[in-house]
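> Just lifted these from Swiss-Prot, have a look:
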type	residues	note
TRANSMEM	10-32	transmembrane segment
TRANSMEM	51-70	transmembrane segment
TRANSMEM	75-97	transmembrane segment
TRANSMEM	104-126	transmembrane segment
TRANSMEM	136-158	transmembrane segment
TRANSMEM	165-187	transmembrane segment
TRANSMEM	202-221	transmembrane segment
TRANSMEM	228-250	transmembrane segment
TRANSMEM	254-276	transmembrane segment
TRANSMEM	288-310	transmembrane segment
Amino acid sequence: MNRKHLPFIFALLLCLTPWVSSPTALVLGFLLASTGLVPSQLPLSTYTKKLLSYSIIGLGFGIQFQQAIAVTSDGIGLIVVTIAGTLLLGFLVAKVIKLETTTAYLISAGTAICGGSAIAAVAPAIKAKDQQIALALATVFVLNSLALFIFPVIGHALALDQQTFGTWAAIAIHDTSSVVGAASAYGEQALTTATTLKLARALWIIPVSLLSAILFARGNSEEGKRKLVLPYFIFWYCAAIAFSDLFPQFESVYQGIFSVAKQALVVCLFLIGCSISVEKLKSAGAKPLIFGLSLWVVISTTSLSWLLLTR
């Protein structure tokens, strides 16, 4: 590693601080890769996959299972329908626009559940490549940024009450950070509702990841004999949720682990960004963004329509 790689080291250390957000880390890695400042001898793919798994496990300590189940009894039906509907719609739209299957599935999972965290969890289960992960994350991050500003404006224009807006934000916005940001801008009650529902929605990472491993093992197998690779870290993720619920006296420790996991996820996104380049993105074209935007518009409008009709 020579002097020209010093920017890589500096950027990596910077991603360990709270000053760098997930989207910024992805862009930072991409810029370094595009300018040839990433050490070519580093096994980025190996490091990324391991760190992603550990990050997801750590995030499990931030989910309060009992509270999420109790508060979301009224909204769980809508959550299930939107998750299943989004995954099914994603399959159909991908066929129509002829988008590569793995990338389309990652974007669908991110839209259906919880953005980058869902993509990170599903990716190892379906053996996604770094470029596919990066395209899915980039698509979700662009839409997240738009949602942060658009949703409160629409909410005020339609005079949505606090609970309705909080529910809508939790259902239709990808990442927890954008859900919290949009809901907090709308009101305190909206923030409480949105945060709790979002955590309940995040629980679906577990069954969706396991189902994904099974589906892709069958669908992509050579002569039907490809070995099924289960994302075992998901079981540890589930164990983390259960442990934090059974032993609430260690709440301060859990919050610390959760914070470290979130920062580790930022580092993951930086490493993923380091594995792509302008040439790779150009080869993908505009299809991923068009695909993600289509899914997002459908889930946003249908969930809002349902909430307006039933409130």
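Cβ atoms are placed via backbone N, Cα and C, with glycine included.
Not measured: the values here are computed from a predicted model.
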> Find the member of 10-32, 104-126, 136-158, 165-187, 202-221 that has more C-beta pairs under 8 Å to the transmembrane segment (51-70) than any other listed stretch.
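Comparing 10-32, 104-126, 136-158, 165-187, 202-221: 104-126 has the most Cβ pairs near the transmembrane segment (51-70).
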> Of the stretches 10-32, 75-97, 165-187, which racks up the most C-beta pairs under 8 Å with the transmembrane segment (288-310)?
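Answer, by Cβ pair count: 75-97.
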